[in-house]
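Peer 1: This is the structure, below, for whatever I ask next.
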Amino acid sequence: MYQPDFPPVPFRLGLYPVVDSVQWIERLLDAGVRTLQLRIKDRRNEEVEADVVAAIALGRRYNARLFINDYWRLAIKHQAYGVHLGQEDLQATDLNAIRAAGLRLGVSTHDDMEIDVALAARPSYIALGHVFPTQTKQMPSAPQGLEQLARHVERLADYPTVAIGGISLARAPAVIATGVGSIAVVSAITQAADWRLATAQLLEIAGVGDE
């Protein structure tokens with residue numbers, strides 16, 4: 001049963017772009033996306049704070065679900081919709097502070113053991129990856145593939161789930177067919193020849209998410 005320790009999210013989050021700039025956040029919100037993540041890596045808090053503030057303000061303006069990757073202290077300080085953490089960040093993060101601030105929490109997983117760890121934290125949603133080979137970040141694990149993804153989705157049938165990793169426009173329908181509630185994409189939009197068209201097509205496949 002879905003009883004998170006953090007505020008809940010819609011069962012289906014729909015299309016979920018993960019981008020590294022406020023410019024992309026604004027573009028995608030304007031294009032109709034309503035679930036997004038700002039993922040800026042390897043910079044100090046003071047270097048990213050202005051971007052986090054601007055992204056959160058945009059999320060509020062569009063009534064969107066904006067998650068901040070990793071910078072949980074800034075997310076709390078500026079009252080983001082939510083925070084997304086990788087497995088390696090869970091132990092070093094004050095989950096009680098995130099919970100007390102009323103922020104949603106998403107957690108990355110790559111196998112059954114990591115799903116167990118995520119479930120113990122009782123987050124708002126669980127991300128399942130990486131589904132396909134990806135060039136976006138170095139991954140220590142092998143791609144799961146659609147069969148493994150479907151098995152994890154079935155195991156987490158009551159939980160909001162997000163598939164991530166190497167999901168292209170061509171692969172998106174098969175990913176959604178597993179029953180996963182959301183697809184997180186990066187290069188499928190940011191490296192598309194026509195990002196507006198790619199976003200519109202992905203929104204048709206994955207939707208904007210439940211209210």
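Residue numbers in this text run from 1 along the chain shown.
Placed from the backbone N, Cα and C atoms, the Cβ positions cover glycine too.
According to Swiss-Prot, the feature 4-amino-2-methyl-5-(diphosphooxymethyl)pyrimidine binding site maps to Gln37, Leu38, Arg39, Ile40, Lys41, Asn69, Ser108, Lys137, an assignment based on sequence analysis. Taken from Swiss-Prot, the feature Mg(2+) binding site applies to Asp70, Asp89.
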Peer 1: What is the separation, in Å, between the Cα atoms of Asp70 (Mg(2+) binding site) and Ile40 (4-amino-2-methyl-5-(diphosphooxymethyl)pyrimidine binding site)?
Peer 2: 8
Peer 1: Hey, how far is Asp89 (Mg(2+) binding site) from Gln37 (4-amino-2-methyl-5-(diphosphooxymethyl)pyrimidine binding site), Cα to Cα, in Å?
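Peer 2: Spelling it out, the Cα of Asp89 (Mg(2+) binding site) and the Cα of Gln37 (4-amino-2-methyl-5-(diphosphooxymethyl)pyrimidine binding site) are 16 Å apart.
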Peer 1: Residues with Cβ closer than 8 Å to the Cβ of Lys41 (4-amino-2-methyl-5-(diphosphooxymethyl)pyrimidine binding site), same chain and 6+ apart in sequence?
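Peer 2: For Lys41 (4-amino-2-methyl-5-(diphosphooxymethyl)pyrimidine binding site), the qualifying residues are Asp20, Asn69, Asp70.
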Peer 1: Sorted by position, what residues of the same chain at least six away from Arg39 (4-amino-2-methyl-5-(diphosphooxymethyl)pyrimidine binding site) have a C-beta under 8 A from it?
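Peer 2: Residues satisfying the criterion: Val18, Val19, Asp20, Asn69, Asp70, His84.
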Peer 1: Quick one: give me the count of other CB atoms within 10 A of the CB of Asp70 (Mg(2+) binding site).
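Peer 2: The Cβ of Asp70 (Mg(2+) binding site) has 21 Cβ neighbours within 10 Å.
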Peer 1: Among the binding-site residues Gln37, Asn69, Ser108, whose Cβ has the fewest other Cβ atoms within 10 Å?
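Peer 2: Each of the binding-site residues Gln37, Asn69, Ser108 was scored; lowest Cβ tally within 10 Å is Asn69.
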